[in-house]
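TrEMBL lists His30, His101, His307 with the feature Fe cation binding site. The feature region 'Disordered' is assigned by TrEMBL to 315-350.
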Amino acid sequence: TKRKGKNPLKHTEVFCSIPSRSLLSPSYYHSFGITENYVVFLEQPFKLDILKMATAYMRGVSWASCMSFHREDKTYIHIIDQRTRKPVLTKFYTDPMVVFHHVNAYEEGDCILFDVISYEDSSLYQLFYLANLNQDFEENSRLTSVPTLKRFAIPLHMDKNAEVGSNLIKVASTRATALKEKDDQVYCQPEVLYEGLELPRINYAHNGKPYRYVFAAEVQWSPIPTQIIKYDILTKSSLKWCEECCWPAEPLFVPAPDAKDEDDGVILSAIISTDPQKLPFLLILDARSFTELARASVDVEMHLDLHGLFVPDADWDTGKQTPSEKQGVGEPQSPTGLIVPGWGHGKNDI
């Protein structure tokens, strides 16, 4: 919002422009990935119909009704070089999907690895119409696809002599593939890491860098989270917290002041209960063992929250933080100084 007549966009600039594949149906997006040198942007087949939106007021409908999922289309993966501020020329694509949240992205060897939570359709979006948000929401809300943690691999350099159909990914840390096709297009097939989680958080000192742990809410066929999960990308194992009648909000990772390991800290989550006799509470877990350290109940009515933000005390000792944390927790030190402050939770969420 404007304050005292100041323009909130005064100090912003256009970093890069990517022409939409359809001028009248631009792709919806909620977040993007960022590494030390690149930005990862997904042009997904979940689109906004501009003509319908232009007439929405006259027709008495919301702009949200002007969005639709085109399962016959592809998902295009745009890679922007931060040093040139231009997209790389190679055309990457994958199967149709809907992505709200990027988890993290980083460079390894001669490729970019990026992790997202993806859906096979837009059923989650449809569930949040007011007509569906009634007292029977828990029983009647059902997704038609499970949110899935997927890892994609993007080769940074094309081997012109590679045969059509060959895998261009050579790093051993992932089973994701990038298959060369005719006309130098590349079809990317992800590695499925875990099915049934959303609202991902990480230790943002590792944003844009190699990392190991994802903290998230476990979600299956219903959008209502019932568990908090810590997923280990390296071992493919997980730790969970749950309690009867409890709905947890997005878990926030807060590093210990003298943290040395990636999971050295605590997890914060606001919990509400379907039991009217049980007060909502703030849950505090040991991020390493996922055991409960404490909880603080509050005697107020509280709704199920999606996102949260931990604001450190003004006396927080920045001298003990890593270089990336001094710049802004979770913001990689890119060569262009591109900083994405985010909205609510993930640093790269818009």
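Glycine too: its Cβ is placed from the backbone N, Cα and C atoms.
What TrEMBL says about a protein is an automatic prediction, not a curated fact.
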Problem set entry | His101, His307 as binding-site residues, winner by CB count within 10 A | His101
For this session: Take the Cβ of His30 (Fe cation binding site) and count every other Cβ within 10 Å, whichever protein chain it belongs to.
Result: 17
